[in-house]
Amino acid sequence: MSEYLLEMRNIGKEFNGVKALDGIYLKVRAGECVELCGENGAGKSTLMKVPSGVYPHGTWTGEIFWEGKELKASGIRDTEAAGIVIIHQELMMVPHLSVAENIFLGCEPTTGGFIDYDQMNARAAELLARLKINDINVALPVYHYSGGKQQLIEIAKAINKNAKLLILDEPTSALTASETRVLIDLIKDFKKQGMACVYISHKLDEVAEISDTVTVIRDGAHIATRPMSELTTPDIITMMVGREMKNLFPREPHDIGEVMFEARNISCWDVTNPGRKVVDDVSFALRRGEILGIAGLVGAGRTELVSSLFGVWPGACQGQVFLEGKEIKIRTPRDAVRQGICMVPEDHKRDGILPIMPVGHNMTISVLDRFSLRGLIDKDAELVAIQREILRLKVKTADPMLAIASLSGGNQQKAVLSKMMLPDPKVLILDEPTRGVDVGAKYEIYKLIFALARQGVSILMVSSEMPEVLGISDRVLVIGEGKLRGDFPNENLTQEKVLAAAIGKPATNAA
């Protein structure tokens, strides 16, 4: 019997003549968790679509061996029958079907030729109980549940398919800390039962906790495979980016001027429960060239607050907004952009891009009037601007006219940043700007934020990553249960002090 459950040898893959994978090797033993590391666009997701059958045999080069025998899968049905199941970064749920229907989709139990819903619900509940998931009603539609709960439902679906190898692509990018904990504990249990796992994540603390082996790829090529016990986080980062990165937060001095933007008594109401406030009488000021971080627990009201300031919160809002001392009215994003306020949304795939449009057009869509002459677009001038932005943000794309959906998540995020920087904003709102982005791309985004601050742009940044908030902010607002719980200059500010304010413990207002 083979030592390895899965062995991939010399795997290559091309798209339109461009090499995405070039001679990659990967080995996974039963009961082992292999972490696949690399920058955005390195080829991690592309590589995992090979053994999972998304790319059938013949569309790639090399060899795959499964339980010692060569695997030539013609599609996902073949690989799932073998026991290889992938859970993509974008969850494959049917929102209006029940939890049980999603778990058994395509393999529904039947009686007399009809779907047996009682049996399906009972088996789904039993499956979730086996996974120690007791707070999900299998009869409810999936859309009732958070992204974290949906991730667990996807895992239950994989277990129902008798998975021997579970491939998880950025499983915790949109999860809360408690949801992440549940997922990590599940993976540890799976390993004890002999299930193997390939885990893709940019959160290197998770990598250290659950991985036995780390394989690093860069620009589609295999860089190294090492036992996790021999590596430190800086070692992994150096292999990923090809250079030593001593300081993740490249702080540079920048002048902070007069008040540029002011929000007074902002309140917002829940869309589904109009009697409940999600933002409750929040006021703050933002100065020219200042980086103002907004911290708080998930669900505290941070996204709701910044969405209202950009005119995208769908519920009722009230309060006043001032720009350079003058009151302004913002009812739509168009109003905000015209006033010099731009925003990079939390969910860039849903709210920030037009997936089937080219990368370049996604960048310039907010400033097309700049390239317009008598109603016609000057394509040459537009292309010059696009190429300049691609170089400035180091967006990895073979061609700016490729659909943006073909790019990795991190490169899509850079394109969204570019779109919101091209209008030359006075105020830039960033909601989770580095979510799902690798360490190298984070570093580039941080450098960009500091460069904008030096140019006098006022930056309002929401982040759930506390080191990020403390690493780049000049001042930190803390939101809890929709209220402003703290306003702290970032001098000797600690995670403990921010967390204490977020959960409602006494915290001194220091600004």
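Cβ coordinates are placed from backbone N, Cα and C, and glycine is handled just like the others.
Among the features that Swiss-Prot reports, domain 'ABC transporter 1' is placed at 6-244. Annotation comment: Swiss-Prot describes Gly38, Glu39, Asn40, Gly41, Ala42, Gly43, Lys44, Ser45 as ATP binding site. According to Swiss-Prot, the domain 'ABC transporter 2' annotation covers 261-506.
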Cβ neighbour count (within 10 Å, all chains shown) around Lys44 (ATP binding site): 26
8 Å Cβ shell about Gly38, Glu39, Asn40, Gly41, Ala42, Gly43, Lys44, Ser45 centroid, ATP site members excluded: Thr46, Ile217, Ser408, Gly410, Asp438
Around the Cβ of Asn40 (ATP binding site), the count of other Cβ atoms that are within 10 Å: 24
Cβ neighbours of Ala42 (ATP binding site) where a neighbour is any other Cβ within 10 Å: 27
Average pLDDT across the domain 'ABC transporter 1' (6-244), rounded to a whole number: 90
Local Cβ density at Ser45 (ATP binding site) - other Cβ atoms counted within 10 Å: 22
Other C-beta atoms that fall within 10 angstroms of the C-beta of Gly38 (ATP binding site): 26
Those binding-site residues listed as Glu39, Gly41, Gly43, and which of them has the most Cβ atoms within 10 Å of its own Cβ: Glu39
